[in-house]
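S.K.: So that we are looking at the same thing, I have put the structure below in structure tokens.
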Amino acid sequence: MSSSCVSHHHQAVRPRHGGRLPLPSPRSAAASSFAPPAPRRRRAARAATMSAEAAPGVAPVEEAGQRRVAVLAEMVEEAAVWCAVHGLVVGDRADPRSGTVPGVGLVHAPFSLLPARFPASFWKQACELAPIFNELVDRVSLDGEFLQAALSRTKQVDEFTARLLEIHEKMKAINKKEDIRLGLHRSDYMLDSETNSLLQIELNTISSSFPGLGSLVSELHRTLLNHYGKVLGLDSKRIPRNWAATQFAEALGKAWAEYNNDSAVVLMVVQPEERNMYDQYWLVSHLKESYGVTTIRKTLAQVEAEGQVLTDGTLVIDGRAVAVVYFRAGYAPADYPSEAEWRARLLMEQSSAIKCPSISYHLVGTKKIQQELANPNVLERFLDNKEDIAKLRKSFAGLWSLDNEEIVKSAIEKPDLFVLKPQREGGGNNIYGHDLRDMLIKLQKEQGESLAAYILMQRIFPKASLTPLVRGGDCFEDLTISELGIYGAYLRNKDKVILNNQSGYLMRTKVSSSNEGGVAAGFAVLDSILLTDE
């Protein structure tokens, strides 16, 4: 029998109910992570459900609740089968070969059983922002002086940022021009219940993950609601189509065409152990089927060992010319365990291959640049359209450098209203609550440049809703909050903009008691959205 949904009721820091269809009321249970409940509890839950269903004379409300539980159990099984058949899968951490050998040790990606309700007006706002942010990234990337100056203090205390700036400086010194520029971005937002506004969490300019699997979750939810929507009172037509995988592939394919070498390949730079490889293989598949483009996958270490740049600037790996370098690695210090990886990064940057991202685009995505762009009059340096500037500003959460003594004082007094962010990508790096207060006090005592390694950001408080989550075939309900990522694709060749699109979306949902939000890092599940008129 399929697992019924077991309820875990986490208290959010400031819980506010909203979002999804009301579910059967949860039993109180202590739970500290996304781990599914123990088998004994699942069996007990199933037995309780069966005995309730068998009980005579049950009240109509209870009957409705029981029918709903039975429907959810049926949906879990159907969804798990759908994931297997359609490639909504990740590598299983329990299998040591799952991150290196394709087709070995697969499990379905963690997902929400039902889509998250999301107001159509905010969805429209987020989509309209994508091409403006794409343009902004491109404009800022061309201002090398701004990037170097804005990050000058950060590099003194953050070695990773310093190494990236070193490569950037070398490219500036030889006046290296990137005539063909490709950006595959993702801007992440949350709905703040305090201000009823859509606020940006961050802008990702490197390795914007889950275009492949994120597209599939939208299809999974549409399929489930086509079968069960009437029972649940949900309309599958309200789930927006999500073409992220095909649109990212289109951008890569068009960039490859601009490079104008029919025998060249796309190089996907990947981590040595990549359990999220199937998300990446969706792009590989679309590129081959729709554009006839071959993709090769190499780690940074392999690029260093096998790559060379010819006198005309051509990057060659394994005897094959590379038209486009697409980074799905290289965004974190752990990706550079030795000097070989840094040599590989420099080698690719020196070549004539189109980089996604170039070193300049990568730097634009740093937290410090995000904070600098939120300062008064800075956007005007890069954009001319006042309406576009106003739209961007409206989406900015409060962002401050630690030089702002008043804000630091406020954060020490009320740490739950802030997030302390270092210059790092991926989940698990941000600092909250008592840890934030302790870190700020420590940094104040140290004085010096260590303050420049962090920025302070206004904490966003989205509404929490009770949601059925599925991980490892088991369904459990919990209070959750969601984060919407809007993908953007940008391609230009000198003065000609070839592509500037909103390119699908990624919805991630996490237990409201969890501060971090990465799916790959194990904090969240994949989701989609159901548009509402509210």
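Cβ from N, Cα, C; glycine included.
The shown structure was predicted, so the numbers you read here are calculated from the model rather than taken from an experiment.
So TrEMBL lists the following for this protein:
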- 1-50: region 'Disordered' (REGION)
- 7-19: compositional bias 'Basic residues' (COMPBIAS)
- 26-35: compositional bias 'Low complexity' (COMPBIAS)
- Arg186, 206-209, 274-276, Gln280, 328-331, Arg508, 519-520: substrate binding site (BINDING)
- Glu202, Asn204, Glu425: Mg(2+) binding site (BINDING)
- Glu202, Lys367, 421-430, Tyr432, 457-460, Glu483, Lys510, Glu516: ATP binding site (BINDING)
- 264-364: domain 'Glutathione synthase substrate-binding' (DOMAIN)
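Give me the lay of the land around each of these features.
M.R.: The Cβ of Arg186 (substrate binding site) lies under 8 Å from the Cβ of Leu203, Asn204, Ser208, Gly485, Ile486, Tyr487, Gly488, Leu506, each of these being in the same chain and 6 or more residues away along the sequence.
Summarising the environment of Glu202 (Mg(2+) binding site), the number of other Cβ atoms within 10 Å of its Cβ, over all protein chains shown, is 20.
There are 16 other CB atoms within 10 A of the CB of Tyr432 (ATP binding site), with all protein chains counted.
Model confidence over the domain 'Glutathione synthase substrate-binding' (264-364) is summarised by a mean pLDDT of 97.
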S.K.: Can you tell me how far the Cα of Ser209 (substrate binding site) sits from the Cα of Lys510 (ATP binding site), in Å?
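M.R.: Cα-Cα distance, Ser209 (substrate binding site) to Lys510 (ATP binding site): 17 Å.
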S.K.: So how many other Cβ atoms are close to Pro422 (ATP binding site), meaning within 10 Å of its Cβ?
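M.R.: Taking all protein chains shown, Pro422 (ATP binding site) has 18 Cβ neighbours within 10 Å.
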S.K.: Could you tell me how many residues in the domain 'Glutathione synthase substrate-binding' (264-364) are helical, how many are strand and how many are coil under DSSP?
M.R.: 43 helix, 26 strand, 32 coil
